[in-house]
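Here's what Swiss-Prot has on this protein:
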{"type": "ACT_SITE", "residues": "Cys113", "note": "active site, nucleophile"}
{"type": "ACT_SITE", "residues": "Cys135", "note": "active site"}
{"type": "DOMAIN", "residues": "1-124", "note": "domain 'MsrB'"}
{"type": "REGION", "residues": "127-284", "note": "region 'Peptide methionine sulfoxide reductase A'"}
Amino acid sequence: MLANLQHLSDIQYRVTQQSATETPFKNEFWNSYQPGFYLDVVSGELLFLSEDKFDSGCGWPSFSAPAYARAVIEKEDRTHNMLRTEVRSRNANSHLGHVFKDGPPERGGLRYCINSAALRFVAREEGTALFAAGCFWSTEAYFRRVKGVLRVRVGYTGGTTKSPTYRNVCTGTTGHAEAVEILFDPQVISYEDLLKHFFRMHDPTSLNKQGGDVGTQYRSAIFYLSGTQKQQAETLMGRYAGAGKFTRPLVTTLEEARDFYPAEEYHQDYLTKNPGGYCHVSLHLASEPLE
């Protein structure tokens, strides 16, 4: 067995490397709907989200779509005297399962029938971080460069207005902040290290202002998803304060996570689409060692 496959159990190896199939109704995730996301058990690449999982009655985990358009590859499979469409992971080329055209019509009509043994599950509160650090274009671009981060979405959170638009949030009356939702692999990077990146990539002593952006929607904030995340943030902030790391007091707020509303599509991955766009962050810091 290759070195990067030595961590696999027998069934994980047979499924991902030899295209075996698990027994229906007797596998780990067939009836699990805990919020979170699923990674390739071989490589750790992001494959599926729990929000896209549904009960198909087939006895294997079923998803209406992959986590993003290029998360998986599909190929013709003529084994067992059948014509099917096989699903494999893009980077590790792991066999995952098959996709069929009998999924829920309201979800697009597809059913990704996936072996549990090909997946590693990360619970939402263990692999998700919500931060606000000024203009979300820059914050997104920074965290996309951090090793262990799987996906970053920009959006709005922290307020009470339902389904806000960018125009709504710009008024400063919604209570929402421009924020990022980060999915990360806790086996690669810890939440504490993400916090350290957060405090490094913006000015947490500047009240409602980052760069040229001013207003409560540009506040410095950590939106915690669990008591553990809250405690880790409080501990790190206390350590920084005690060590005099910053010349002024921290103004970062600790807020319990509320609904996160993804921003309009043109805001997503903005600085990749618009390389000359406004950025208040030194992006190179994302790849430099933490203190």
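In case you wondered, yes, glycine gets a Cβ from its N, Cα and C as well.
Source: prediction; values computed, not measured.
Taking the Cα atom of each, Cys135 (active site) and the residue listed as 'active site, nucleophile' are about 39 angstrom apart. DSSP gives Cys113 (active site, nucleophile) a strand state. Cβ neighbours within 10 Å of Cys135 (active site), excluding its own Cβ and spanning all shown chains: 23. Over all protein chains present, the Cβ of the residue listed as 'active site, nucleophile' has 23 other Cβ atoms lying within 10 Å.
For the region 'Peptide methionine sulfoxide reductase A' (127-284), the model's pLDDT averages out at 97.
Secondary structure from DSSP puts the residue listed as 'active site' in coil.
In terms of DSSP helix, strand and coil, the domain 'MsrB' (1-124) has 25 helix, 40 strand, 59 coil.
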